[in-house]
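Trainee: So Swiss-Prot lists these for the protein:
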type	residues	note
ACT_SITE	Asp92	active site, proton donor/acceptor
ACT_SITE	Lys154	active site, schiff-base intermediate with acetaldehyde
ACT_SITE	Lys182	active site, proton donor/acceptor
Amino acid sequence: MDAKQIAQFIDHTALTAEKTEQDIIQLCDEAITHQFWSVCINSAYIPLAKQKLAGTPVKICTVVGFPLGANLSTVKAFETTEAIKAGADEIDMVINVGWIKSNKWDAVEKDIATVLAACAGKPLKVILETCLLSKDEIVKACEICKTLNVAFVKTSTGFNRGGATKEDVALMKRTVGDIGVKASGGVRDTETAIAMINAGASRIGASAGIAIIHGLQDVSSTY
């Protein structure tokens with residue numbers, strides 16, 4: 001797999017609170033230069049990214065209910081609607097982990113379905129925060145996502161105690177079948193990215209996209 005092929009797996013990511021407008025401009029410039037699939041940014045920066053990426057194939061991905069997932073479902077849906085109005089092409093929502101831990105699976109499904117409806121056809125990725133879940137909980141969450149026919153299930157926010165693992169990616173892929181799997185959190189080098197792809201990931205969320213395609217390790221990156 002060459003650099004251009006790997007680049008098309010990557011959501012080039014900048015989600016930490018201290019990112020400036022100049023950081024977002026740089027992120028967009030890098031995405032254009034290296035032909036990444038998308039930039040993944042907080043929704044306040046969608047208009048800026050839309051301006052910078054106009055006329056390019058790079059998509060805009062944003063996050064909803066991020067990073068905890070404990071917002072009201074109606075709030076997540078409102079975030080989604082406003083993000084799409086602003087120019088978002090893809091939505092990454094955080095599942096309600098507390099509801100999973102409370103065995104409130106109907107509420108989990110309704111939460112995802114509410115956001116999916118607000119997506120109005122735009123691809124929805126559901127972040128499971130796998131480091132907080134048991135294997136059985138990962139499978140159950142993936143089964144719900146498969147039933148709802150979301151576009152992707154995603155491992156992690158990158159803001160918790162663990163990120164993507166090959167084992168979790170493989171488990172998710174076995175469970176969801178044709179639905180996409182996005183590996184995110186701790187994917188900082190070429191070897192790890194390729195391992196995730198081989199395990200079943202069809203998208204990689206990373207702030208170290210340039211290091212990944214150049215075969216270099218960015219040890220300062222956390223997402």
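Using N, Cα and C of the backbone, Cβ positions are placed for all residues, glycine too.
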Trainee: Tell me the Cβ contacts of Lys182 (active site, proton donor/acceptor) under 8 Å, same chain only and six or more apart in sequence, or just say none.
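Mentor: The answer is Asp11, Asp92, Lys125, Phe152, Val153, Lys154, Thr155, Ala201, Ser202, Arg203, Ile204, Gly205.
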Trainee: Would you mind checking how many other C-beta atoms are within 10 angstroms of the C-beta on Asp92 (active site, proton donor/acceptor)?
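Mentor: Asp92 (active site, proton donor/acceptor) is surrounded by 27 other Cβ atoms within 10 Å.
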Trainee: Helix, strand or coil for the residue listed as 'active site, schiff-base intermediate with acetaldehyde'? Use DSSP.
Mentor: strand
Trainee: Lys154 (active site, schiff-base intermediate with acetaldehyde) has how many other Cβ neighbours within 10 Å of its own Cβ?
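Mentor: That number is 31.
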